[in-house]
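Feature table excerpt (TrEMBL):
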type	residues	note
TRANSMEM	12-32	transmembrane segment
TRANSMEM	52-78	transmembrane segment
TRANSMEM	90-111	transmembrane segment
TRANSMEM	131-149	transmembrane segment
Amino acid sequence: MDILGFDFMRNAILAGLLASVACGIIGSLVVVNRVVFVAGGLSHAAYGGVGLAFFLGLPVLPVTVAFSLGMAGIMAAVTLRARGRADTVVGVLWAAGMAFGIILMDLTHGYNVDLMSFLFGSILSVPASDLWIMAGLDVVLIAVVTLWYRGFLA
């Protein structure tokens with residue numbers, strides 16, 4: 001068990017465990033509610049927020065969260081109004097978000113970050129501070145799903 005003597009390995013294992021809790025809960029709800037394409041579209045459209053943050057020189061996480069919430073709002077509004085064309089709109093927003101992020105990253109002067117590092121990252125580089133955030137979000141997620149479980153299945 002020498003491998004657990006390294007902080008980065010302990011953090012990686014804990015991050016994997018915490019992510020598995022969130023992914024298990026959210027993934028089940030996504031599949032049951034048949035919104036897999038919406039989930040994929042939103043996660044890929046979020047890259048537009050990454051590109052915007054780097055282009056404007058702002059912190060990546062808050063800008064990406066705000067951008068993702070905006071995209072989620074657009075997807076929700078369109079999905080509620082145009083049920084027959086929801087997949088088309090989600091596909092367009094998926095591609096547009098990715099394209100927007102890639103273009104802005106290319107236009108950013110100076111250091112350009114690798115696209116793959118933001119799409120996939122490295123579990124070995126998760127800091128302890130992120131573990132606390134992940135744990136807190138897991139607790140919130142479990143509480144919300146426990147309280148409103150039936151509403152999520154409707």
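Placed from the backbone N, Cα and C atoms, the Cβ positions cover glycine too.
TrEMBL annotations: computationally assigned, not manually curated.
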Sort out the residues at least 6 away from either end of the transmembrane segment (52-78), same chain, that have Cβ-Cβ distances under 8 Å to it, and list them.
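For the transmembrane segment (52-78), the far contacts come to 38, 41-42, 45-46, 85-86, 89-90, 93, 97, 100-101, 104-105, 107-108, 113.
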Are there residues at least 6 beyond the ends of the transmembrane segment (90-111) whose Cβ is under 8 Å from a Cβ of it, and what are they?
37-38, 40-41, 44-52, 54-55, 67, 71, 74-75, 78-79
Same-chain Cβ contacts of the transmembrane segment (12-32) under 8 Å, 6 or more residues past its ends?
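For the transmembrane segment (12-32), the list is 4, 39, 123-124, 126, 130-131, 134-135, 137-138, 141-142, 145, 152-153.
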